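Asks: Sharing the features that Swiss-Prot gives for it:
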type	residues	note
BINDING	Thr99, Asp101, Glu114, Gln133	Mg(2+) binding site
SITE	Lys116	site 'Transition state stabilizer'
Amino acid sequence: MVNYPNGRSRAYSTVPKKKKSLTELSVTKKSTSKTKGMVAFGKRGMNFEAEINATNEYYLSRGLAVIHKKPTPIQIVKVDYPQRSRAKITEAYFRQASTTDYSGVYKGHYIDFEAKETQQKTVFPLKNFHEHQIVHMSNVLAQGGIAFVLLHFARLNETYLLPSSCLITFYYEKGGLKSIPLSHIRENGYKIETNHIPRIPYLEIVNKLCEVQ
């Protein structure tokens, strides 16, 4: 019998546990192997954001560019202090990001971009973009930076780089349309041919943007 400070007690059985037979051990082993296989299979695919992050890590490790994902702002609501030297956040909420997803430096150029994904096949919904992000990209362009968006059509498995200038023009001047036609993206953007390493080689297209700037 073990007595706990809260007054509760727990009795431990002295009856020896029955050993599993060879058959039971075999079944357990097969079941475990199957579960591990299911987990491994589930981790095989990477989402769009993870692929971009892996690409950025590749660029950084090769000394090609320094580009990082901006952390999502958090609104802290409640903090507990179990000890004077330790604080524990017990309640917090994600706040809406004020700018774009990624920023960094490439060949002396400031790089700033947003990454979005859609299940649509023929259009990219503009509701995926917030006006403050459009304003931010406009400000980046005004200061001589390079801004763009990476758009991924999941069901088509197609990824495009669209210069922010094209997005901004479409956002404000196309009569209140709620989406960008894929045909417009293909005409004004650049298709990214995905590789094994790096997965999304977008710097190949950024080179072109640097040349025309």
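Placed from the backbone N, Cα and C atoms, the Cβ positions cover glycine too.
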Asks: Determine, to the nearest whole angstrom, how far the Cα atom of Lys116 (site 'Transition state stabilizer') is from the Cα atom of Asp101 (Mg(2+) binding site).
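Replies: So the Cα of Asp101 (Mg(2+) binding site) lies 9 Å away from that of Lys116 (site 'Transition state stabilizer').
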Asks: When you measure from the Cβ of Lys116 (site 'Transition state stabilizer'), how many other Cβ atoms are you left with inside 10 Å?
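Replies: Other Cβ atoms within 10 Å of Lys116 (site 'Transition state stabilizer'): 16.
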Asks: Among the binding-site residues listed here, Asp101, Glu114, whose Cβ has the fewest other Cβ atoms inside 10 Å?
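Replies: Ranked by other Cβ atoms within 10 Å, the binding-site residues Asp101, Glu114 bottom out at Asp101.
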Asks: Within a 10 Å radius around the Cβ, which one of these binding-site residues has the most neighbouring Cβ atoms: Thr99, Gln133?
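Replies: When each Cβ's neighbours within 10 Å are tallied, Gln133 tops the list.
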